[in-house]
Each structure stands twice: as structure tokens, then as C-alpha cells.
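Reading through the C-alpha cells given below for one structure.
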Amino acid sequence: MSSSSQSFVSRSVIKNVFAKLQREGDGAVVRRGISRSEQKLLDPFLMLDEFSVSPPAGFPDHPHRGFETVTYVLEGGITHQDFKGHKGTIYAGDVQWMTAGRGIIHSEMPEEEVNKGLQLWINLSSNEKMIEPNYQELSSSDIPKADQNGVQVKVIAGESMGIQSPVYTRTPTMFLDFTLHPGAQFHQKVPESWNAFAYVLESGEGGAVFGSSNSSPVSAHNVVVFGQGNDGVSVWNKSSSKKLRFVLIAGEPIGEPVVQYGPFVMNTQAEIDMTIEDYHYSKNGFEMAKYWKSQ
């Protein structure tokens, strides 16, 4: 899905957001790249956190309803347990794509001394918010990879360089992990109606340039929000010595009202009130809440 620069018209950059450090869970530190103010620009995406957590800190037992979480481990490992008996550890390069649907209570705890990664929250349409929970898990070796002209890509969801991810996305989504060597450039096609953004993980000084080759460079830990339309997204690594690594994430907008109360995301306040009641009284998807605690 790349194209030559001669025929490719890139989306422009409409906003940069620096992901500031904040505390989450029990002693964990995150950089929040997408928050409430970006949600309207980036429908169907609700949140992006770059997390860093070391024992004994973590994300102990907590609920979700109405959306999906995508956890991509960059370093270390994260052990997940939920009240339906699903348990496992994902390590560096692995992905867990969790559909919370009508209700999950789970814990996410660090496995090693240093544990880093990304967690993306993707909204579900109103007719899928109350489906049964589901998981798709890919080890690093299961994620398709390609390499051309100094550009490497890991295709977590969607398609790039003619290779496609096996992940099924209920809300059509692209999630690509790119590494560009110094001097490399790439042009990634994105469906015209989809919203798209990049998150810069690593960059040399002046290296990460998006949209147009004369755009201002972007530093690490920035979310780059693109306008809609045109062929897709262009990027250049203008650093003379350091690699550029970023994730490019895009998705089809749902176009429905979003009412969020912490880990619950529904369409109306009445549905949020019902969700709080369901969780409090352990019903309608949260039945196991009264019996379960993570180990």
C-alpha cells in the first residue's frame, strides 16, 4: 500500500499533541496521547497511552464495557487475568486485542523489572457494545513484517507493503509499527474517510517529518493528527544518524455519540447509569464480579 512520491498526495498535519506523563492504576506511569479533547477528531479512537510500569505497581482488577483495548508490549511483559478465566502473558512485540463488549473485569500486571508498551482504546458501534467479550492474541512471530528501501513495518492490523494482518477488526482499523532508517521515506495509503494519527516512539533530532517534506519535525512522545482525505500519510526520516520509529493508526469513524465514565463507554447517559448499576449489582455481564479476584 505504498506509493511513489510523484503520484501520492499526503494528508496534512492538523495538530500535534505532546503526551505528558501522568499516574494511572496503582503506581504506574503513562503518557496519554489521546484524551477527551482529541476524541472528536479521532473517532473511533478513545485513548492512547504509552505506559511504563515496574513491580509492585500495575493495573489491578478493574472493569470495562463498550469498547476494545489493544495492548502492544514494547519491552518486558504484561500478565493479564480476567473473571472469565482467561490468563496469559504477552512479551515484547506481542499484541493482545481485547473486545470488552458487555463486560470484563481484569488485571494487567508487570512481568519483568522494566515493562513498556502502548494501549489503544477503540470504540465499538452501538450494536456491538453489548456483545460477548473476546480476545485475539498475536505473538511477535505471528505479526506480519515487511522491509523495503530502509523502511520496516510490522502489520498489527490492516495492510502495508502488500501484506495483511490476520486480526479481525470490528471497527475497521489500521495499526502499523514503522521503523525508518536515516534518509528513508514512506507513503502509506489510508482510506479517504478514515481518521488517522501517528505516535512517535523514537526519533533523532529533526528526524520525524510528516505530511510534507518541508513540515516542522516532531519529537518523540508526540501524537500527530492528520486531516481527512487525500491518498494517505507521507513520512520522512531526516535524521542523519538515528532511526525513526512510530506507529500509524487509522480507523473508520463510527459517528455516534460518546458518553464515557472512566472505563465504561456507551452512547447515552442512561446507558452509563445502567452500566454502573450492572457493575455494582454484578449483573448483565458482570455476574462473576462478586466471586472473582485476580491471583
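The chain as shown is numbered from 1 upward.
Keep in mind that glycine also has a Cβ here, set from the backbone N, Cα and C atoms.
Caution: TrEMBL annotation is automatic and unverified by curators.
Owing to the predicted nature of the structure, the values given are computational and were not obtained by experimental measurement.
Residues or ranges marked as domain 'Pirin N-terminal' in TrEMBL: 31-122. Residues of the domain 'Pirin N-terminal' (31-122) grouped by DSSP class, helix first, strand second and coil last, total 4 helix, 61 strand, 27 coil.
Long-range Cβ contacts of His64 (Fe cation binding site) within its own chain (separation 6+, distance under 8 Å): Met98, Ala100, Gly103, Ile104, Ile105, His106, Pro263, Phe264. Residues or ranges marked as Fe cation binding site by TrEMBL: His62, His64, His106, Glu108.
Positions annotated as domain 'Pirin C-terminal' by TrEMBL: 176-284.
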Model confidence over the domain 'Pirin N-terminal' (31-122) (mean pLDDT, whole number): 94
In the chain carrying His62 (Fe cation binding site), residues 6 or more apart in sequence that have Cβ under 8 angstroms from it: Gly25, Ile105, His106, Ser107, Pro263
